[in-house]
Structure formats: structure tokens, C-alpha cells
Amino acid sequence: MARSGSCPHLLWDVRKRSLGLEDPSRLRSRYLGRREFIQRLKLEATLNVHDGCVNTICWNDTGEYILSGSDDTKLVISNPYSRKVLTTIRSGHRANIFSAKFLPCTDDKQIVSCSGDGVIFYTNIEQDAETNRQCQFTCHYGTTYEIMTVPNDPYTFLSCGEDGTVRWFDTRIKTSCTKEDCKDDILINCRRAATSVAICPPVPYYLAVGCSDSSVRIYDRRMLGTRATGNYAGRGTTGMVARFIPSHLSNKSCRVTSLCYSEDGQEILVSYSSDYIYLFDPKDDTARELKTPSAEERREELRQPPVKRLRLRGDWSDTGPRARPESERERDGEQSPNVSLMQRMSDMLSRWFEEASEVAQSNRGRGRPRPRGGTNQPDVSTLPTVPSSPNLEVCETAMDVDMPAALLQPSTSSTDPVQAQAATAAIESPRSSSLLSCPDSEPRQSVEASGHHAHHQSDNSNERLSPKPGTGEPVLSLHYSTEGTTTSTIKLNFTDEWSSTASSSRGNGSHCKSEGQEECLVPPSSVQPPEGDSETRAPEELSEKGTLPENLTQNQIDTAQLDNFPAEPLDSNSGEKNNPSQDSPCGLPEEGTLSETDRETCEQASTESATRHASTKPELPSQTEAIEQASTESATRHTSANPELPSQTEAIAPLAHEDPSARDSALQDTDDSDDDPVLIPGARYRTGPGDRRSAVARIQEFFRRRKERKEMEELDTLNIRRPLVKMVYKGHRNSRTMIKEANFWGANFVMSGSDCGHIFIWDRHTAEHLMLLEADNHVVNCLQPHPFDPILASSGIDYDIKIWSPLEESRIFNRKLADEVITRNELMLEETRNTITVPASFMLRMLASLNHIRADRLEGDRSEGSGQENENEDEE
């Protein structure tokens, strides 16, 4: 090897290291910086230690062992050299493990891990399983994405999650916390989902946080504190020293899937979902002088992307080394049998969304959306695409396409309640978190379908025009989202006016995985249960109270406008779904998704137009009483009727009855209070009536958005650095999973996993592509280099951990193959941006619906014909 000149003295240097004559780090830096060394990498070992996708891997400080976590909810400590498992730990997690770390300086005996249900476990491998199960933190609302330990600190660790908070825990203070709605350990409230964190190695008080608004925020932890320590700042801008965002993503919502500091702390590597990898210097400030986009430019960039194609859930044909772009498959005649059907469905959805977009444009600025045409049922209902407030950074656009109720009815009518089959279990349990792009664990990947009791009535048009209690018809709501772990999502809901399943009591917030976006928490459009037991509450009881669906619809909308709250999904007992004069109700938006009334809220918040609505509603008390009797979900009414609600609820309750100045003052006081609102998925409120949960969630969301808007305004006045992009690394594809890691390897290389099943390695300084390794049958998610030796560990959707080392005798980098893979990835990344993943139940429902519509038309034609014959007979 020395004779070839590629790595002179390598054997002698390795010999010196084994004899302890040279520092291992010197050998690592000397040879790891050479591209010929990188291009000799070869698969050395495969560790089959899990029964599910391996979502996190971590070397211990000495590089002897690997800690891994998986969909099988187990933690495993293995020896990659002997290929043996040291310890298998039943973690106590009930959902997919996303991140696990050894606590430093604990002799690898203490582990911290987090999972998709938001629970963090503090595990001591020397303690029994029952004791370890007691050491859990349930503080996060929604998914917890990552755990980060502090160098040389065995007692503290940080976490980030979907609720937009970064939390700091000290095991000397407590080793568990199951307090409901706990805010004691919040270090930073980002107002947007915090999906990744990183600590600067040489200066560990610098903390980088990646958020769902495409931003990377760097904080000085010395300026921060928690409520537990008594010095919580309560502002998302406190301690912020830099904020990075690529210019072309400033008005988009690409989630950060990975953050990584360089060893010297001088650069940060950030990987974006549905985009590329960027390198920036946190001390740079040259982007400050760039022009800030106007509100009109933001509005234009947030427009709905085209919907070109559908993908069935579980279809992983676009991942792995053998994946091909659609154009190439068409050219080679390799179309799958279901392509024709999927394409026809895609064309149909495209037409719906185009029509919805047109109506959304015409409805923008109106009080609420109105139905198209004068038919007895709305064909398409939409939400406007953007708010006008320039200070509120909006993650995404959304629209609800509500198909006629007939689309969900079976081909034969029935007067008996029919239980619609749920397409996913996401509503019932957080176990099925879809952040991991694993075929086995993707029950909620991009589309949610919730089943409810659907009372299928006869096809009498008079009944449809005049709905009454107990005769509500289900509505198919297609919620198109441009934010999530995929680039686009459709949410499918089967809802009924007067009934819902018991599962809705736990899951009014659900995870939507979008292949190519962030994972988003989406409350189903109409799954809130009525006050009390949703199964035993009879429709007749509600009808006796004299509240008509039409009145409820109008009151709900007026209330949403009056109180300036973000719109919340109406209770399944509200009558809006069956009111032919109204479109389907707007759902409480996921992060960044704004419904019609929510957009009005954003547009009017700066001027407090809600006070004007309040002063023009003298009939409010009577409406309140009627709606409360019907157990609907007006936030203001329920907060005023429930004195046991949290302080924010108490603060907002009397505002509707006060004069405008008092209302403004109260809102301002509440907004500046210490009760810091966080991003709360509706499913978090597991106790108490459904209407109470929704009321609290709406108020929390309202104040969270207010605080976020104010903090974004403050950013322009603060001395916060705004770095420019230093280098961009392309060629890989990051669109199907939320845990795609990018990492530094030594001082000269950058690497990342990819949806094509390869490991990509670039030159750090030139972005030249240097190496391509086939490492998974579907997706490579995790890459962790050995702390000293030139060894790399990788994992992904395959149920194993792969160990790579420079064993090839000569360079094996195939430039031609790499160029082909890069070209395909670029094409498929663009395809993924316009692809929506739907469950099989969605396709079956659509086919049944179209068949039912066709049958209805034929029946209608026959009825018209018989009617004409009868008229002729009467004339005779």
C-alpha cells in the first residue's frame, strides 16, 4: 500500500497506534481527510439486533459499543467488533423510538431515549425494568424528535418536539415527571415544531434548534432558564444570537431533519426535508442586508402546489437502489398494473383542487366560504390559501375538499347505522406515529382516515335539504397539506352530524406524515365528542333542546369571528355538515395550516377587529345558551361556562361581554402573561369533556400565534446575526422520512443518507461528490462515524445496523453510476413534491362513491321519466 503512494506509512502508523505510541485522534485526522481513504469504504459487518426499522444509533465515548433504538421499542447495546449484543433493554416506550443517547461520564450505564408518543425515558441499565419504567417524562405535547446530551455533563439533557418547545431536564432534580400540561422544564418556546437540536462541541452553551418554518435558531443557553430554575424568559427571542434560513425557503415550510456542528464549532450542517443540505457559519451576518419579502411575495410563494399524482400508502417503489422516476418507467414500459387507476384518480383530484383553488381565490376577503352553485349539497369547499399578515410566518396552505355525502354511501341505502371502517389506528393511539418511513410502522404516514358511525339515510332529496337530528349524512373531507414529513398529504375523514366513535375522545389530533415534508399534527375535521359519552348521547335528546343545525352553523361561525380565535373542528353534533347553505367546517389547523376563520384571525389580529364583532352581537347570551345545550364547541361559551378551565380560558371568557377597550386590554395582558402558550395537539387533552378540550386548545393556539407574530416583529429590531449559505450539497433525496441525518466526517467530508438507499459523501469544501455506498433496500436514515477510528455505522428501514470500514484494496467509486443516481434523485424529488399518499381505504371509498353517484343518476333519470308519464296520464 505504501508502494502505491496512496497511503504511505499507513501500516506503521496503525502499528504505532496499537502499541499506544500515537494518539488515535492524530491517526484519524491524518488519514480520514484523504478522499482515497473514503473511496475504499466497504461493508464490514451487519448487526441484526432489532425487529424493526432502526431509527437511532449512537457510539459510546470510547467507540466500543453502539446504542440503537428501533420500531420494536427496544434499546440495544451491541459490540460492532464481536457482532454480539451486550444488553437488550425493554425501554417502556409504546411507540417507535426516535432518539437515544448515553449520558456522558456514566460508564455507559445511563440512557435517555424518546419516542413518537412524546414520552422520554431515563434508563439505568443496572436497575430493574420496573424501576426504569417509573423514570419517564411525559411533558412534551405530541412527538418528541430528538434527545441531546451536554458534553461532560452526566446529569442534564435536552429534548425538542412537535409542541415547539426545547426542554432541559436535570436528573438531580427529578428522574420522572408525569404532571399534566407540564411547563416546568421549558427552556425555549419556538412557537413552531422543533424537529432537531445540536450543541456546539467546544462551546456547549451554544444551542442550535431546527424548526418547521425552515429556520435554524442559535441560542446562548447562559441567557436562558426554566420555570424549575426560577428564571424562565418566556420569549422565543430571548438568548437568540443567530437565525439562519436559506433565502428560497424563507416563505416555505421545510422541516429540518438534521442539525450538526463541526468539531471546531465554526460551521453548522443542516438538512431540509424535500430540499438539500446547507452549510453555514453561525458567526456570519451578511444576510441581514438582504431584502425581506413582502406580504404579496409570501402569498405568491405559499400558493397551492399542483396535484399531479397519488401514491398508495405502503407503496415504496420510489425508494431504494432500484427506484426509478416515473418518466423513466414510462419510457421503459415498466408501469405497474395500478398506474392507470391511480392516474385517473390523480386527474380527478387535480380537478377538485383546481376548482377549490379558484373558489378560494374568489372567497378571499369574505367573511366565510360559500358553496358553489345552488345544488342541495356543496360540491367543493375551500379555505383561502394565505393570510395577509406580513408578520405571521405561515407554514403552509391548506384546503378542504368536501365531497357530497353520497360519495360515502354504499350502493344500497339503509336506515341502520353503519360503522365506517377506520383506515388507520392513528386516532386511537399515538403508537402509530408516522415519522419513520418504515413499511411496517407507517399506519399514519400521510393520510388520516377516521371512522365514525355513519347513519346512511335514504336518497330522498327533501331529507337532504332539510336535515334533522339523527339523519345526518357523512361527508368526505380531503385536507390537502403542503407541510409534513412528505411533500403533500390528504386527510380523509368520515364524519356524521350527530354521532362519533369513542375513539375520537382520545385522538382529535393525529400525525400526518407527508412523504417529503414534516410530520404534522392534524386534528380531524369533526371528531370531537359531545359533552359526556359520545356513544350514549342520543340524537333525540339533542333535538328536544330546540337547537337547529342551521342555527348552530351560523353561531359557530359568528363565534369564531367574534372571539378572533383560530377555527376549531366543530363537534360531530354541529349541524354545519348537513346544512346545504354552508360548506364543511374548518378544522383547527395543524402547524401552519390556516382555516378560513383562522386566516381572518391572522389578518385582523393586528387591528383587533374582534372588538367590533363583539360590540355588534347583542344576542350573544341567548345564542350561547342554545349552543351549550346542544354540546357544541364554541370556545368562548364553554370557557365562560367552565370556571375550572386554565387561566387563559378564564382570562378570555368575559371578553365577549366587555367594551372594546377592556377587551383589548385584557387580550394584551393575557398575551404578556407568564402562562406561555405552546403548540398543543388536540389529542393531548385526554381528560374532561371533548368540548372542554377543544376550547382550551383553541385558546392556547390563539395566544401561541399572537406571541409568535409579536416575536417575529421583534426579530427585526434585535441584534441577531443572519448567516448566508456557505455551501450546498445536492444529489441525495430527503423526502420520505423525518429522521434523515447529515453529518460531518473528519474535517474534509460531509455525508448523508438518502431515499434511494445510498450513503452520499461530499467534499466539505467544494461539494464535490466523492463516494456512493448502497446501504439499504429502501431508505438510509442514520449515519454515525466512529469517534476515533475510520469506521462508519449506518441504519435505515432495514432491520439491521451496517458497519463500514476502508477494506477495499483500491478505490471503488463509480462516477458514472453516481451521476445516474443523482439524476434520478433530482427527478424523483420533484415528483415527490407533487405526490399525495393515500390509504387503500381512500381508493375503495372513492370507487364506491363514484359507483353510488352513477346509480343515483340512473335512479334520478328513471324518476324523471316516470314523473313525466304520470303527468301525461293526469292530462288525459
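Cβ atoms here come from the backbone N, Cα and C positions, even for glycine.
Here Swiss-Prot flags 92-133 as repeat 'WD 2'. Listed as Cβ neighbours of the repeat 'WD 2' (92-133) (distance under 8 Å, sequence separation of 6 or more from its ends, same chain) are residues 52-53, 55-56, 58, 60-61, 65, 67-71, 73-75, 77, 139-155, 157, 159, 161-163, 169, 171, 175-176, 429-433, 435-436, 438, 441, 511, 739.
Annotation source Swiss-Prot lists compositional bias 'Basic and acidic residues' at 288-303 (among others).
The region 'Disordered' annotation in Swiss-Prot covers 288-340 (among others).
Annotated compositional bias 'Basic and acidic residues' per Swiss-Prot: 312-334 (among others), in sequence order. Mapped onto DSSP classes, the compositional bias 'Basic and acidic residues' (312-334) shows 7 helix, 1 strand, 15 coil.
What Swiss-Prot lists as phosphoserine is Ser336 (among others).
Per Swiss-Prot, the feature region 'Disordered' maps to 355-391 (among others).
The compositional bias 'Polar residues' annotation in Swiss-Prot covers 375-391 (among others).
According to Swiss-Prot, the feature region 'Disordered' maps to 408-485 (among others).
Per Swiss-Prot, compositional bias 'Polar residues' is recorded for 409-422 (among others).
Residues or ranges marked as compositional bias 'Basic and acidic residues' in Swiss-Prot: 456-466 (among others).
Residues annotated as region 'Disordered' in Swiss-Prot: 498-645 (among others).
What Swiss-Prot lists as compositional bias 'Low complexity' is 499-510.
Look at Swiss-Prot and you will find 534-544 (among others) tagged as compositional bias 'Basic and acidic residues'.
According to Swiss-Prot, the feature compositional bias 'Polar residues' maps to 550-562 (among others).
Taken from Swiss-Prot, the feature compositional bias 'Polar residues' covers 571-584 (among others).
Per Swiss-Prot, the feature compositional bias 'Polar residues' maps to 603-613 (among others).
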Can you tell me how many other Cβ atoms are located within 10 Å of the Cβ belonging to Ser863 (phosphoserine)? 11
How many of the residues that make up the domain 'IQ' (692-721) does DSSP mark as helix, as strand and as coil? 24 helix, 1 strand, 5 coil
For the repeat 'WD 2' (92-133), the DSSP helix/strand/coil residue counts are 5 helix, 17 strand, 20 coil
